[in-house]
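Colleague: Before we start, here is the structure in question, set down as structure tokens.
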Amino acid sequence: MSTVPNARVSLPEALLLASVFLIAACGLAYELAAGALASYLLGDSVLQFSTVIGAYLFALGIGSYLSRFVERQLVAQFLRIELLVAVVGGLLPMGLFAANSLLPPGSEGVFRVLLYALVLLVGSLVGLEIPLVMRILKTRSGGERASLRELVSQVLTFDYLGALLVALAFPLLLVPHLGLVRTGLFFGLLNWAVALWALWMFRHELRAFNAHALACAIALVLLLLAWGGAERLTQWAEQRFYGEPIVLQQSSPYQRVVVTQGRTGVKLYLNGNLQFHERDEYRYHEALVHPALAAHGAPRRVLVLGGGDGLAVREILRYPEVQEVVLVELDEHITRLAQGPVLAPLNHDALRHPKVKVIHADAYAWLETQPGQSFDVVIADFPDPSNHALAKLYSTSFYQRVLEHLNASGFLVVQSTSPLVARHSFWTVVDTLEAVGLKTTPYHANVPSFGEWGFVLAGHRGWRAPQALPAGLRFLTPETLPLMMSFPPDMDRVEGGVNRLSDPVLVQHFLREWGSVH
């Protein structure tokens with residue numbers, strides 16, 4: 001005859017279950033921080049997050065297996081492991097930032113070894129903790145709560161709840177306000193708090209209470225010193241990485257934003273990738289905007305997808321016949337930056353112009369929710385398709401949505417990476433636009449900061465070179481514009497394939513071609 005376990009939970013047991021919640025939250029936070037940093041420093045977020053998550057889960061299994069060899073002093077072992085997790089996990093983002101800055105160029109392999117070694121270490125320690133907590137709970141239950149079914153159910157429930165909480169808080173709340181380095185330290189302090197609670201709760205059972213108390217004090221000092229120096233270290237690390245004075249650095253829910261200002265002007269970086277250089281950005285933005293708008297003849301409504309820095313909008317506003325410019329930018333941090341003292345002088349305060357309407361939304365989703373809107377010109381100024389999330393903005397599905405908002409006489413223009421460095425990537429964009437029934441006009445321009453850069457103009461009708469361009473341009477002229485449509489043999493058309501959501505060939509081309517350069 002089975003017995004029914006006592007449903008009442010003592011205070012120590014309740015606090016142990018709460019510690020499981022925090023342990024799971026902290027463990028997942030370290031995993032997310034490692035994945036985010038790897039994506040930021042190495043690129044290809046899908047690959048980085050997949051391998052980091054896989055390594056972490058594997059390490060959890062190693063830790064769980066090793067827990068069988070812990071036979072004595074369960075509470076003391078739990079406390080020691082918790083302090084190790086607090087220090088190693090809390091300092092993980094800071095350590096990776098510093099290592100990336102100190103390692104010489106070409107040391108990506110060394111950085112990866114360090115990254116996965118830390119992930120495996122933290123994962124193994126967290127994997128050790130959960131079985132120890134279960135054994136401590138079972139030991140302390142004194143037979144009243146010895147049901148394995150109930151014990152496992154409670155521990156895993158709190159484990160998964162902690163993971164859910166941090167999965168939501170990490171990108172939406174913590175990283176935007178604390179940054180990656182201090183977010184790691186924040187969770188390190190939470191692990192330390194669990195260790196401190198264990199020290200106090202089990203003080204009568206610990207054989208070396210003073211030694212454990214000293215270890216807690218040392219761990220706290222390390223974490224607090226790191227917290228105080230986090231901003232300085234991040235600035236130092238990024239200063240070494242970018243090589244020019246940093247005037248702004250911040251983390252949004254979507255990306256790391258850094259602005260530098262050196263002798264040659266302002267530069268904007270997103271996740272370490274250069275977006276523009278003040279010295280020659282006019283070449284890029286004149287080439288992006290004017291072939292489409294000038295050829296249209298009478299553009300009234302213009303849609304800009306991406307381009308939150310306002311530089312493309314600046315060029316559009318050269319046309320007095322334009323009545324409205326709708327800018328759809330995902331990241332509000334970028335549009336705020338564009339209206340701030342660093343970028344507003346460059347874009348002529350374009351985003352505050354009465355003709356301009358700024359919308360913060362995902363371009364892919366926004367197009368689907370605007371069935372009645374149509375535009376004469378659509379400009380897609382997205383970052384390069386370096387991952388699957390960005391590649392969807394270069395897919396047949398996306399271009400079909402754009403077509404629903406493009407007037408019959410309108411033009412779509414897409415920035416399309418370098419036809420010299422990423423030849424297959426460039427012509428894949430052309431193939432994809434043609435696959436949805438558009439007539440394409442590929443062209444290229446030399447932008448010294450980027451090299452030879454490509455664009456694709458597409459529409460229901462063919463493109464004809466305009467007779468005139470707006471006054472005051474620094475790069476384009478009616479005479480040089482047709483020459484941009486001519487491609488030498490090393491950039492001429494190759495078979496790229498069609499980029500679809502179900503088969504994102506563009507990402508594969510892009511990573512292979514740009515990876516061979518870096």
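Indices start at 1 and increase along the chain as displayed.
Yeah, the Cβs are placed from backbone N, Cα and C, and that goes for glycine too.
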Colleague: Look up transmembrane segment in TrEMBL and report which of 12-33, 78-99 it refers to.
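Modeller: It is 78-99 that TrEMBL describes as transmembrane segment.
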Colleague: Can you count the other CB atoms that lie within 10 A of the CB of D362 (S-methyl-5'-thioadenosine binding site)?
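Modeller: Taking all protein chains shown, D362 (S-methyl-5'-thioadenosine binding site) has 16 Cβ neighbours within 10 Å.
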Colleague: Given the transmembrane segment (111-134), which of the listed stretches 78-99, 155-174, 209-230 has the most Cβ pairs that are under 8 Å apart from it?
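Modeller: It is 78-99 that shares the most Cβ pairs under 8 Å with the transmembrane segment (111-134).
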Colleague: Would you mind checking how many other C-beta atoms are within 10 angstroms of the C-beta on A363 (S-methyl-5'-thioadenosine binding site)?
Modeller: 21
Colleague: Find the member of 45-66, 155-174, 180-202, 209-230 that has more C-beta pairs under 8 Å to the transmembrane segment (78-99) than any other listed stretch.
Modeller: 180-202
Colleague: Take the transmembrane segment (155-174) and find every residue of the same chain, 6 or more past its ends, with a Cβ under 8 Å from one of its Cβ atoms.
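Modeller: Those are 17-18, 20-29, 32-33, 130, 133-134, 137, 183, 186-187, 253, in sequence order.
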Colleague: State, in Å as a whole number, the widest CA to CA span among the S-methyl-5'-thioadenosine-binding residues Q255, E329, D362, A363 given in the record.
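Modeller: This binding site's residues have a maximal Cα-Cα distance of 16 Å.
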Colleague: How does the model score the domain 'PABS' (221-460) in terms of mean pLDDT?
Modeller: 94
Colleague: Can you name the residues of this chain that are 6 or more positions from D309 (spermidine binding site) yet have a C-beta less than 8 Å from its C-beta?
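Modeller: Those within reach of D309 (spermidine binding site), by Cβ under 8 Å and sequence separation of 6 or more, are L268, Q275, F276, I334, L337, A338, L343, L346, N347.
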